[in-house]
């Protein structure tokens with residue numbers, strides 16, 4: 001699981017530190033379990049990919065994944081846990097389709113690229129009020145809740161609690177007059193959440209929860225009951241809240257079960273949150289210690305999950321990224337829409353990985369500063 | 001990969017013959033590759049589940065999966081290959097959403113349970129004409145194309161070339177005045193297809209192509225250009241035909257690549273089709289050799305993929321299923337909506353598996369006949 005501290009080409013037949021924004025690093029323990037469980041899963045005579053989604057073995061896996069999520073987030077029975085497909089992108093459409101009447105209005109707070117995409121899909125369904133946006137400042141901050149221009153009778157308020165591309169995070173969970181919906185993809189299970197104000201929380205799994213191919217949706221029953229009817233069966237949250245309707249993405253849910261079990265073994269959300277804060281502090285301290293690097297987000301709104309930064313000399317960025325890759329620090333390129341450097345430090349990234357990155361940054365500055 | 005021929009409890013820590021209708025048996029060679037490629041894939045320093053979907057390593061996997069599909073089905077460049085999510089169930093809605101105007105009509109031929117579901121979703125979008133149905137005969141046959149009551153200016157004709165639950169198959173690919181759309185989920189890549197009449201072919205992967213979590217959609221460019229505009233971005237086939245829009249279900253596509261490569265190594269579609277016909281003949285001959293068993297579908301419409309049959313004494317069916325399971329012949333229960341026995345013999349089921357099932361059926365008849 002580790003790369004040598006000595007500079008030089010890393011052996012990529014071994015695991016390296018992977019800072020990819022998603023699909024992203026997973027707990028190596030979970031991957032080793034998968035390896036052990038091939039080609040036969042736990043005395044069922046077949047692999048987990050080959051058994052019926054109506055079989056007792058699969059029932060157990062899915063029930064265990066749900067139970068871990070309930071325990072980790074302290075969810076009561078009013079919260080439905082759904083395992084859907086299509087990623088956050090599908091949620092951008094499915095949320096308004098279910099909850100925004102054609103003649104209604106939903107408020108959207110836009111603090112990054114994903115919020116912009118969510119607005120575009122909602123506009124196909126009904127009225128959208130952009131209650132706040134930091135687009136004119138390149139999403140370098142999160143608009144303060146006191147300044148959101150909210151519609152009194154909005155169907156919901158949509159936020160993005162962590163903007164993966166822009167590297168900002170909203171850490172106070174808002175409690176408003178109407179239910180809040182959040183795209184929590186890149187911070188889900190990374191910090192304690194106050195669920196009180198939320199009606200629906202969605203997260204593409206491929207950051208903190210599992211591989212690409214499943215989206216975890218938490219929907220509160222009070223909010224669920226407000227949805228429009230009728231809806232296309234597969235896009236109706238009620239279909240999936242009621243029962244296991246269609247063939248689920250079995251392997252991805254099997255991985256979610258492993259990742260959530262791993263997280264509970266780490267001590268749960270509070271324990272991982274403490275580690276996540278230490279990792280973020282270590283990296284941001286390194287960025288702030290010198291003018292050679294420069295964070296792109298206001299310090300109070302910086303994400304613990306996705307740290308975005310630039311080099312003082314942008315011509316050096318390709319050199320930095322190439323050398324990092326050679327040394328086994330993978331996936332550090334900023335999103336293609338913004339460039340620069342992005343270090344994603346999801347739950348499964350060990351502190352030693354961030355320490356190694358900070359060392360590399362110091363070495364790079366000594367050589368190129 | 002084999003079970004002992006001697007009767008007695010099978011060792012289910014070993015692979016057994018798995019007749020599950022889907023998720024279904026996969027080539028063991030593909031599963032062994034996955035095992036070998038954990039926790040590090042091919043010198044990328046991470047597993048395949050952890051790398052960016054914009055990385056060269058993933059690009060290669062997806063390009064290879066496409067190339068195998070093009071070669072297997074002899075697809076020219078007018079055919080787009082899409083890897084979508086949500087299974088055939090989502091296609092039931094996505095097809096009419098793209099191609100059936102509100103004031104238009106689509107023809108549906110209903111030869112089983114899945115056709116019924118497809119009709120119900122299309123009716124939410126526009127006009128549906130059921131051009132033919134065998135529902136009044138419990139879907140024991142496929143309505144003859146000469147008797148389909150087609151609408152001259154229909155947007156498309158929807159068929160289900162293999163009905164997984166009911167065990168029938170349409171082996172002549174129709175060429176009609178309007179484009180044909182087929183749900184080919186449970187027969188995709190099992191036989192040569194004449195593509196001439198088709199506009200769109202969709203298949204949930206979890207039968208013949210890979211694990212649950214990806215749907216292979218082939219859409220001809222001429223048909224694609226007829227779609228309604230505007231559409232929700234994720235549900236517009238054009239979005240995915242144009243480029244890799246969102247994070248794909250990476251692991252499922254990686255498996256599709258392996259399964260298709262395996263199939264080419266077996267000699268491709270013609271070779272597997274010959275094997276599939278031999279397997280089906282072996283089983284149906286065993287069913288027809290005695291009054292103890294009874295097929296549920298007219299002989300000329302029987303599926304090579306899903307053989308559905310009953311025992312002359314239906315009280316014996318639970319005994320048959322339980323004993324089969326004990327001996328390592330897995331997943332033989334008929335669909336919960338119809339009962340009875342169903343043996344799914346997808347591409348990855350070896351002939352030896354069907355031979356073992358036939359032996360078991362003969363033994364069971366000797367003991368209980």
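Each residue, glycine too, has its Cβ placed from N, Cα and C.
As the structure is a computational prediction, the values presented were derived from the model and not from experiment.
Residue A:54 (L-glutamate binding site) is surrounded by 14 other CB atoms, counting those within 10 A of its CB over all protein chains shown. The annotation L-glutamate binding site is assigned in TrEMBL to A:54.
Around residue A:89 (pyridoxal 5'-phosphate binding site), a 10 Å sphere centred on its CB holds 22 further CB atoms from the protein chains shown. Taken residue by residue with DSSP, residue A:89 (pyridoxal 5'-phosphate binding site) is part of a helix. Feature annotation from TrEMBL assigns pyridoxal 5'-phosphate binding site to A:88, A:89, A:114, A:164, A:183, A:206, A:246, A:247.
Annotated domain 'Aminotransferase class V' per TrEMBL: A:17-357, in sequence order.
For residue A:207 (N6-(pyridoxal phosphate)lysine), the same-chain residues 6+ apart in sequence whose C-beta sits under 8 angstroms from its C-beta are A:21, A:22, A:24, A:164, A:185, A:186, A:187, A:188, A:305, A:344, A:346. The N6-(pyridoxal phosphate)lysine annotation in TrEMBL covers A:207.
Residue A:54 (L-glutamate binding site) and residue A:183 (pyridoxal 5'-phosphate binding site) are 30 Å apart (CA-CA, integer value). In the predicted model, residues of the domain 'Aminotransferase class V' (A:17-357) average a pLDDT of 97. You'll find the Cα of residue A:246 (pyridoxal 5'-phosphate binding site) roughly 10 Å from the Cα of residue A:54 (L-glutamate binding site). Proximity to chain B (Cβ-Cβ distance under 8 Å) holds for the following recorded positions out of A:89, A:114, A:164, A:183, A:207: A:89. Around the Cβ of residue A:206 (pyridoxal 5'-phosphate binding site), 31 further Cβ atoms fall within 10 Å across all displayed protein chains. DSSP classifies residue A:164 (pyridoxal 5'-phosphate binding site) as coil under the three-state reduction. The two recorded residues residue A:114 (pyridoxal 5'-phosphate binding site) and residue A:54 (L-glutamate binding site) have their Cα atoms spaced 35 Å from each other. Distance between Cα atoms for residue A:247 (pyridoxal 5'-phosphate binding site) and residue A:54 (L-glutamate binding site): 9 Å, as a whole number.
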